[in-house]
Amino acid sequence: MLKIIIPTIMLLPTALLSPQNLIWTNTTTHSLLIAAISLQWLHPTYFPYKNLTQWTGIDQISAPLLVLSCWLLPLMLLASQNHLQQEPLVRKRIFITTLVTIQPFIILAFSSTELTLFYISFEATLIPTLILITRWGSQPERLSAGIYLLFYTLISSLPLLITLLQLHTQTGTLHLPTLELMHSPLTFSWTGVMSGLALLMTFMVKAPLYGLHLWLPKAHVEAPIAGSMLLAALLLKLGGYGIMRVTLLMGPLMNYLCYPFLALALWGALMTSSICLRQTDLKSLIAYSSVSHMGLVIAAGMIQTDWSFSGAMILMISHGLTSSMLFCLANTNYERTHSRILLLARGLQPLLPLMGTWWLLASLTNMALPPTTNLMAELTIMVALFKWSPLTIMLTGLATLLTALYTLFMLLTTQRGALPTHINSTPNSTTREHLLMTLHILPMILLMLKPELISGPL
């Protein structure tokens, strides 16, 4: 654990002390090295926990998410270089410091075996994210987006803290492996039901569940590119990960509590997919598609079978890479046309032909084309849900159909059709952007060859 966390913390002096011409090179190379070292966590093992210390441990559920979070830091730094070009050196240093500060907290949140530590690191990721959105966002609405994010997260997570304290007084421990071996302290009394709801609600807001998702499109649209990648690829996964951890502790209570969440998650996947079909804002469209995909993850987490957990795990990793890549592509368009409106930035394939290829690849993975891991995940989840109740196939099937429709709509609008008259010329795509897209698509292609690395508990 420490051989990842200590180098990550040492990125702070690297960012603060590097000379002006080497600041991006040093931080990006250093973080890529950390990402390379973190790949050892994917090594399969017979033990339930690897690298087990008193407070942290890595098992089949957290290892893929930990590697994903280490992998995305260099990509966020690569993506942010262009829009920080005009900023003075001090601001560049502060920006990189903010990004690096989030990293140890995310690593701790995914690997902690002690629920108190998990809660602290889960909440601590909020502050740097808030700074990113409210300081480096592009429009005045970023303040309202920051307030939405702050209050949604805080209001939902305070009951979690109270429940954790109550659990601790009841059972005497908050150590996850110990709690999983004990009888669930939550009974069918009012207290038990309310505690169960409090445990789940925090992660439902973070994931987000349809109905509690209003902060997400706002935050995504106003955030800078690094903020969007961070939100889509890592912070939403904290919600899904929390659900998979907490449902195992809830015992028989979960048999009754799962119904409202399942219904909302599947209905939400359908609703947000249809909302995507009439979006005019590109970043908003990608944000809503995240809500739709995470709806499937929540539904899978609720029914608690091996297959559904495995599908949820694969979908979280695949979606993290895919949506992050889509946000990067939307950002390359935005930097050239200075508009997120689909009608004002359409038909760009003749001007940026190679970007058209990346758009096609990202769209195909987003709509779960075989043989991508997205398809494996969606099929696994749909089969598990169908086994639980055959009626769910209507909702999941329709959601999949609508996903394909809005993805094709997004691809055709951005790449095909007549160029808007106000775009005469545009800067060429740079090697940095192609490298960024390659580093997104390469793990996806490699995981197609060996998906059991990320299939979680199976």
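Heads up, the Cβ atoms here are built off N, Cα and C, so glycines get one too.
Just so you know, TrEMBL annotations are computer predictions that nobody has curated.
Taking the domain 'NADH:ubiquinone oxidoreductase chain 4 N-terminal' (1-109) as a whole, pLDDT averages 94 in the prediction. Under the heading domain 'NADH:ubiquinone oxidoreductase chain 4 N-terminal', TrEMBL lists 1-109.
Taken from TrEMBL, the feature transmembrane segment covers 21-41 (among others). Residues 3-4, 7-8, 10-11, 14-15, 50-51, 58, 63, 66-67, 70-71, 73-74, 77-78, 81, 89, 92-93, 96, 100 of the same chain lie 6+ residues outside the transmembrane segment (21-41) yet bring a C-beta within less than 8 angstroms of a C-beta in it.
Feature annotation from TrEMBL assigns transmembrane segment to 61-80 (among others). Residues 4, 8, 24, 27-28, 31-32, 34-35, 38-39, 41-42, 50, 95-96, 99-100, 103, 106-107, 110-111, 224-226, 229-230, 233-234, 237, 241, 244-245, 309, 313, 316-317, 320-321, 324, 328, 331, 432, 435-436, 439-440, 443, 453-454, 456-457 of the same chain lie 6+ residues outside the transmembrane segment (61-80) yet bring a C-beta within less than 8 angstroms of a C-beta in it.
Annotated transmembrane segment per TrEMBL: 92-110 (among others), in sequence order. For the transmembrane segment (92-110), same-chain residues at least 6 beyond its ends with a Cβ under 8 Å from one of its own Cβ atoms are 1, 4-5, 8-9, 11-12, 15-16, 23, 27, 31, 56, 62, 65-66, 69-70, 73, 76-77, 80, 84, 117-118, 121-122, 124-125, 128-129, 131-132, 136, 226, 230, 234, 238, 241.
Taken from TrEMBL, the feature domain 'NADH:quinone oxidoreductase/Mrp antiporter transmembrane' applies to 112-402.
Annotation source TrEMBL lists transmembrane segment at 116-133 (among others). Outside the transmembrane segment (116-133), and at least 6 residues removed from its termini, the chain residues within Cβ reach (under 8 Å) are 55-56, 98-99, 101-102, 105-106, 108-109, 142, 145-146, 149-150, 153-154, 157, 160-161, 164, 168, 174, 202, 219, 222-224, 226-227, 230-231, 235, 238, 242, 245.
According to TrEMBL, the feature transmembrane segment maps to 145-167 (among others).
For 187-209 (among others), the entry in TrEMBL reads transmembrane segment.
Under the heading transmembrane segment, TrEMBL lists 221-241 (among others). Outside the transmembrane segment (221-241), and at least 6 residues removed from its termini, the chain residues within Cβ reach (under 8 Å) are 61-62, 65, 68-69, 72, 75-77, 79-80, 83, 95, 99, 102, 106, 109-110, 122, 125, 129, 132-133, 136-139, 141-142, 145-146, 203-208, 281, 283-284, 286-287, 290, 294, 297-298, 301, 312, 316, 319-321, 323-324, 327-328, 331, 340.
Among the features that TrEMBL reports, transmembrane segment is placed at 253-273 (among others). Remote same-chain residues near the transmembrane segment (253-273) are listed as 184, 186-188, 192-193, 196-197, 200, 204, 209-211, 213, 247, 288-289, 291-293, 295-296, 298-299, 302-304, 385, 392, 395-396, 398-399, 402-403, 405-406 (criterion: CB distance under 8 Å, separation of at least six residues from the stretch ends).
If one looks beyond the transmembrane segment (285-303) by at least 6 residues along the same chain, the residues whose Cβ comes under 8 Å of a Cβ in the stretch are 204, 207-210, 213, 216-217, 220-221, 232, 236, 239-240, 243-244, 247, 254, 258, 261-262, 265-266, 268-269, 272-273, 275-276, 279, 309, 311-312, 315-316, 319, 323, 326-327, 330, 342, 366, 378, 381, 384-385, 388, 392, 396, 399, 402-403, 406-407, 410. Residues or ranges marked as transmembrane segment in TrEMBL: 285-303 (among others).
Annotated transmembrane segment per TrEMBL: 309-330 (among others), in sequence order.
Sequence-distant contacts of the transmembrane segment (389-412), counting only residues of its own chain at least 6 positions beyond either end whose CB sits under 8 Å from a CB of the stretch, comprise 266-267, 269-270, 273-274, 276-277, 279, 282, 285-286, 289, 292-293, 295-296, 299, 342, 359-360, 363, 366-368, 378, 381-382. Among the features that TrEMBL reports, transmembrane segment is placed at 389-412 (among others).
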Cβ-Cβ under 8 Å with the transmembrane segment (309-330): same-chain residues at least 6 beyond its ends: 61, 64-65, 68, 72, 75, 79, 220, 225, 228-229, 232-234, 237, 240-241, 244, 282-283, 286, 289-290, 293-294, 296-297, 300-301, 340, 355, 358-359, 362-363, 365-366, 372-374, 376-381, 384, 433, 436-437, 440-441, 443-444, 447, 451, 454-458
